[in-house]
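Q: Reproduced below are the annotations present in TrEMBL:
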| type | residues | note |
| --- | --- | --- |
| SIGNAL | 1-21 | signal peptide |
| BINDING | Gly161, Glu162, Ser163, Gly164, Ala165, Gly166, Lys167, Thr168 | ATP binding site |
| REGION | 633-655 | region 'Actin-binding' |
| COILED | 906-1084 | coiled coil |
| COILED | 1136-1244 | coiled coil |
| COILED | 1291-1336 | coiled coil |
| COILED | 1382-1420 | coiled coil |
Amino acid sequence: SSLSSLYTLIFFCGFFEEVWKSAEIIKDYKEGDTVLHLKLEDETTLEYSIGPKDNPLPFLRNPDILVGENDLTALSYLHEPAVLHNLKVRFVESNHIYTYCGIVLVAINPYEQLHIYGEEVITAYSGQNMGDMDPHIFAVAEEAYKQMGRDEKNQSIIVSGESGAGKTVSAKYAMRFFATVGGSANDTSVEEKVLASSPIMEAIGNAKTTRNDNSSRFGKYIQIGFDRRYHIIGANMRTYLLEKSRVVFQAEDERNYHIFYQLCASSSLPEFKDLSLSNAEDFTYTSLGENIFIDGVNDAEDLVKTREALKMIESHQMSIFKIIASILHLGNVEIVSERDGESCHINRDDTYLNHFCRLLGIEQEQMEHWLSRRKLVTTSETYVKNMSHAQAVNARDALAKHIYAHLFDWIVEHINKALHTSTKQHSFIGVLDIYGFETFEINSFEQFCINYANEKLQQQFNSHVFKLEQEEYMKEQIPWTLIDFYDNQPCIDLIEAKLGILDLLDEECKVPKGTDQNWAQKLYSKHSNSGHFEKPRMSNRSFIVVHFADKVEYQCDGFLEKNRDTVYEEQINILKASQFQLVADLFHDGKDSGPPSATSKSSKINVRAAKPVPKGHNREHRKSVGTQFRNSLHLLMETLNATTPHYVRCIKPNDYKESFVFDSKRAVQQLRACGVLETIRISAAGYPSRWTYPDFFNRYRVLMTKKDMTIADKKQVCKNLLETLIKDPDKFQFGKTKIFFRAGQVAYLEKLRADKFRFACIKIQKTVRGWLQRIRYRKIRKSAITLQRYGRGYLARRYAEMLRLTRAALICQKQYRMVQVRREYLRVRRAVITIQAFARGMFVRRLYQEFLLHHKAMIIQKTVRGWLVRKKYLHARNAAIVIQCFYRRVRAKRQLKQLKIEARSAEHFKNLNVGMENKIVQLQKKMDNQSKEYKTQNEQLIVTNTALGSEVTKLQKELETLRIRQTAGTQVTSLQEELEKLRVELQEAHAQKKQIEEEFSNEKQGLKQVRKDLEKENTLLKKEKEEMNRRIQNPTQGEFQKEIRLQVELDEERQRYQNLVKEYSRLEQRYENLQEDLSSMKFHPGHRRYPSNQSSLGSDSNYTSISMSEVGDTDDTIQQVEEMGIEKAAMDLSVFMKLQKRVRELEQERKRLQTNLEKVEELSKRKAYYLPSFRLCSSNLLCLQRQELETENKKLKNDLNELRKAVADRASENNSSNELQEGYNLLLNQLKTANEELDVRKEEVLILKTQIVNSTRQSENINHIVSLKTSPPLTQDWGYLNEDGELGLAYQGLKQVARLLEAQLQTQSRQHKDELEALHTQIELLKDNLEKKQEMLDHFSTLSPEALVEFSVQQEITRLTNENLYHYTQHTILTFPLKLMMMTVLQDLKELVEKLEKNEKKLKKQLRIYMKKVQELEVSQATRSRPELTRQVTVQRKEKDFEGMLEYYKEDEALLVKSLITDMKPNVVSATVPCLPAYILFMCIRHADYINDDQKVHSLLTTTINAIKKVLKRNNDDFEMTSFWLANTSRLLHCLKQYSGDEAFMTQNTAKQNEHCLKNFDLAEYRQVLSDLSIQIYQQLVRIAEGIMQPMIVSAMLESESIPSLAGVKTMGYRNRSSSLDCESGGPAGYTLQALVRQLGQFSNIMADHGLDPEISQQVVRQLFYSINAVTLNNLLLRKDVCSWSTGMQLRYNISQLEEWLRGKNLHQSGAVATLEPVIQAAQLLQVKKKTSQDAEAICSLCTALSLQQIVKILNLYTPLNEFEERVTVSFIRDIQNRLQDRAENNQLLVDTKYTFPVLFPYTPSVLSLETVHIPASLSLDFLTRV
């Protein structure tokens, strides 16, 4: 037979090292054998003796598949070793501290901070069924919260355990869950107050013990009240049995309550100087334990937390600290014993007594007196008796305990007041944090009360478990048999029944001379026959009570004193008379009882205070502590019985506080004491294993036959199978929905299933092995054939080779023989030839000797004959040379003689001087020409001198004539004076000219400097551009990382900004809710203003209407602008309006100057004259200026263009930052303005050039000088003198004055007449126009304010026209210097003209609009009786030139918003252009901008934004409506950008769209508001979609079988079979993956139908996929049942389906797949091998998106579904941890489900032209007029 897994009991020397050990049988066991042969886990063998009575067979071990189960009741074999082993495996190997045991949650203290209590864990458990997730305290809290809402019944969570087991922490986390899930609906923050009460209670009620550093020394029951919407509205706390004795006594290595040490640690603070405290070692009550410190605890820091929490008790904080400090001083009061030993006294100068009395505000003398004395009252007299030293010390300690107990109760009472609410309570959840069963070496009165309370709780627990089992059986209608369970009622009766232990204790306390020993004797005599009472053998002062958990021996010493709790009345009276109100209230009889309990009216149970309110002093002291505790315990049990309890049992794994160390012996003791094993026993006594029919069918269908599988009724199939497999009908029962099994039957079925699988595996293996063998045989046969073929071929090749070798041998022999013969023949031949050669050589040498002798003789003869011939030749040659020399000498002498004769002749000289004559001739000609020229020049000089002399003579004569005339009359004198004036003016003109030239030169130098600076900057920018281009072309890894880091920082900034927007939206929603509540409470109707409205109204706008009376002085405004800066001044509305007024004034000045300029130019053309020299000078100067200006302007324009390009390149490289983009836009606008200025300057230069050309031509044609007439006295302008000061030109002008004055006057008179006639004509026209305007004004008086505004604008235009006409009629004669000045400022005037022409055109255009509106108003008034016809005619007339605008009246704004927003349904405009409401609203905004109505624009935008917010608030759960308005809001935002006029948004516009840009207003601030609104709508859209998908994700991704028959089903525990959902109702149907995909498709289609931008849709899908990943991964990390190989396969298939859906929707580039990477890796982790180190390395490289905690958690949760899989070993997990310990990551286990990616709204301009937008009639927008 096969081996079986067993447990066996192992004993060691006097104690258990381990309670149970696992072993395997190594030898078959037969019935009757007395020894079992076992092998332990460490491979050691053991022979285990067994017997029918003494040592029965050991317990069977559960299959490996069930080891590590979440619920102990799911184990097939239910017994103590199975429970202990399962807990140990979960705690030590998997680090799981929570385990279910039926209805009990077992919590083991890990002694380590675990990251499993965060807000994301609360979110994961919220709304989940208890059996669906891993065991957790949050699951119990969620179950209680859910049952409260479903059953309408109050709930209780009972947390118990030993000291140090973690009760307080578990209760704290449960309350935190309620505070998070059921947070208060209003702003009272009750949940924060509930959590804040914990630090207070820990400070005053917790202390360090030997077992726990933060042990709660009292029990508490906190009731958290909820309203009908299940929001927290209040809380109430009840306390039980405070350990008062700890105030005056602590055992070794223990401490007093924390608050004492906190005060001592902070005694140096200034506010605590008055307490007179010092180190804790200086006080008796804090130094008895000899250890005042706790490792890792800072008492001073804890006091800060305590003081922060004490703020909820208003202003009593220092009073509380004074009372606590007084207790410490009281403990140090020294009581001096007298000599007789019967009395004692206290020194009057005792410092501690002085501090005690001062802090409590009591009289020191009285307290000193009554601390050592007491009063005895008899029927006749009253005595004062001295106390002994021991009695006085006891009285002092009793007083200290009494003060602290009353202070404790007072603090609890005031905490309850702070947590009290007046709202009616609907239900509550109570959290009971009470001490567990305690047993020490010395057990006293406190342990007795604690164990008594645990007896009561255990009784309630047993009855509840029994009741649940009975209800389950009755519900399933199976035969019910009574289960025998432990009933501890006899033990309870022993304690609390009449004449029980407590009664006898109270009776003994009433006896005057009662002692602890007498009370013990009464117990022995009364209860000696009780089965739960025993008397120790070796003691007469103790007794033993047999509790349900263990036997406990109690020492009787101190029972009576602690039960009496005696405090003398005289001491209490002194405290009542304290001058401090708080101290007096603590002990006063009539103190307030506090607010009524939160459950007194709404709960079925009348909840009272744990400690009854004392009514009188005598009555208070008459009731003993035991009686009070019994009454409060009964009240607690009544409350618990009236609620649905939930149990949490805290286990302390070891006594050394080591993390994840499991002491089996200590664990078994606590499991027995807390009732867990009793729960197991009750479950095992019935039918512990329970399966639903579908789960049983899915799990064990492999055991069924084909015939059974054809039956449709699965219930009948299961019945048939069980009746076949299990013959004993008592081993199982069939219920309505479940099958119930006895213990061990599921293990038997698992064995049959495993055998079936094993048989199937063997068959598969057999078939596969046969197939493999056949494949192998075929391969071998094929190989053999191949080998044979190759072998035969090899042999054939060898034979052929042999034949070839034989033939080759024959040929070699033949050749060899031939070579031998040939060699012999050749040898003989060589010998013969050699003999012949030697013979022939001898004969030849002889013949050669003979020839040699003949040759030598011939050479001698030849030499001799040659010498003789040469000698003869030399002799003849010498003779010939001598003859030639003599002959040549004769010839030379003859020639010399002849040359001497020729040299003496003249002809020779002629030949030598032929060239010299030619040169002389040339020089002579040149001299003649120069002489002629000289003569000509002399003649010219003479003529010139003569002319000049005559001219001088003539001038002298004329001068004399002038002098004669001067003596004759005064006219010449006046002319001379005028001449002098002209000279002065000429000098001034020269000075002005020089000044202008200097200014021009300076300006030119300045422009050159600017140009140089611009060139330098341009060079730098070019270098930066080249550098950036180089970096872009060759990006380095660092730059790439920097870019990624910048992108991450940008996303973080966007995330923070969107979180602020989200928080702002939440606060706005909260503000609106409060406003609605306030309105509903006060019944005050009225307009409600929202924060968004406030922000819109309060924003600075450049187009808000302001009265002109508010505008101040313009010069001050300009100075203010210079001081503030242009950007700041642009945001200041008042400054803007002042500048606007200044612009209007400049415009008027421009018109006046333009008129004057035109008149001056006209008069100058007809009358003005200029001197030729001035013309020449002026033309040259102006030409020079023109050329320089053109050159400078071109250079500046080129520099600015280069600068713009460089800045644009630089800005494009940094376009990821919003701040850089804004700076770039600002600089671009400045460059644009500079460019426009350059264009204007260019036009001015061209105009100036034209004028210079015209003036030059005019100067050439004019040959006379014209004089201009000025105002009296009459002056004549003779013109400027030239630079040489010639008087002739001036004199010629003087001669013509007389003739020209008359012609000038006649010309001016004719001009005046013409102008006068023109003025009369214009006046008549103006009168007619004024009459018409008067009629229109009368008509406008009856119209709306808009028409009045139009009329005022028209009047302003008329006024400006009249001013121009007036200036035109003024006759002004300018002097010539004034004309020069006009020429100087001509450039500036032209600049003003060009700039203001645009404004003039704009005003004319607006005037035409106003005239059209006036005509429309007249027509509408004339045809008001026929509005429909008027509307029809107007539309037909306007459609011809439709400009994409919609006009509406101000009173129709509400109707417009109501039709387009409030009452709009998405299906109404589904067949039209997407985002039609946004287009219509923008067209209305365009018209308001077109008519320059800022109030209309502001009102429409503000109303639109508020209306959208209201619609979204009303439809906060409608995905379609939210998507619709997200699309429209984003489209409206894009339209505001597209038509803003900003070049950055106009790059993709058409020419027609550019014409539709806004003209007057900059709506950048409203764009920001709409952007924030879009972010809010996006967040709401994602929240709605996540809310719809949330219930579907887990079921679709983890639970639905996308691949049929892949997932296995494991046995269920109690939590699975009794979840919060009713099995009969079925609960909500499970969702499949197809349903999730359909929902995603529906979301995508809705967004596409509404015209939402694809980029936004992709971000929505990405966020939804992140939610899918987060929810799926969190559930995977918190559910052990889904961490298996089959789930990994299902999960990978489901993810592939989602990826396929993304590809089908063309959303694969949205980044959604990347968000699924963690869950993809988790699925892969479930499927990979997990054995070797290579597998660990592969997992580390694979799971890059998972944290170390998540990887370890999944490996710990991994559960094999059958025995063919293996668990992940602890060593493998440790290997993974060691490999990944250096990975930098956060310690967060779960994924943050609330995280949202920062949303981006990319700019997407519309291709739709506004004039083509059609408004359907279904919208009922007939009041809109197309413009």
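Even glycines carry a Cβ here, placed using N, Cα and C.
Unlike curated records, TrEMBL annotations are generated automatically.
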Q: Identify all same-chain residues not among Gly161, Glu162, Ser163, Gly164, Ala165, Gly166, Lys167, Thr168 whose C-beta atom falls within 8 angstroms of the centroid of the ATP site's C-beta atoms; report them in sequence order.
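A: Nearby residues not in the site list: Asn109, Asn212, Ser215, Ser216, Gly436, Cys650, Lys652.
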Q: Only counting partners 6 or more residues apart, tell me which same-chain residues put their Cβ under 8 Å from the Cβ of Ala165 (ATP binding site).
A: Ala107, Asn109, Gly436, Cys650, Ile651, Lys652, Gln670
Q: Near Thr168 (ATP binding site), which residues of its chain come within a Cβ-Cβ distance under 8 Å, counting only those 6 or more away in sequence?
A: Ser198, Glu202, Asn206, Asn214, Ser216, Asp433
Q: Mean pLDDT across the coiled coil (1382-1420), rounded to an integer, is what?
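A: So the average pLDDT across the coiled coil (1382-1420) works out to 58.
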Q: Sorted by position, what residues of the same chain at least six away from Gly166 (ATP binding site) have a C-beta under 8 A from it?
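A: Counting only residues 6 or more apart in sequence, the Cβ neighbours of Gly166 (ATP binding site) under 8 Å are Ala107, Asn109, Cys650, Lys652.
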Q: Let me know how many other Cβ atoms fall within 10 Å of the Cβ of Lys167 (ATP binding site).
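A: There are 27 such Cβ atoms around Lys167 (ATP binding site).
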Q: Which one of the binding-site residues (Gly161, Gly164) has its C-beta surrounded by the most other C-beta atoms within 10 angstroms?
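A: Top count of Cβ atoms within 10 Å goes to Gly161.
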Q: What is the three-state DSSP composition of the region 'Actin-binding' (633-655), stated as helix, strand and coil residue counts?
A: 9 helix, 8 strand, 6 coil
Q: Have a look at the binding-site residues (Glu162, Ser163) and report the one with the fewest Cβ neighbours inside 10 Å.
A: Ser163
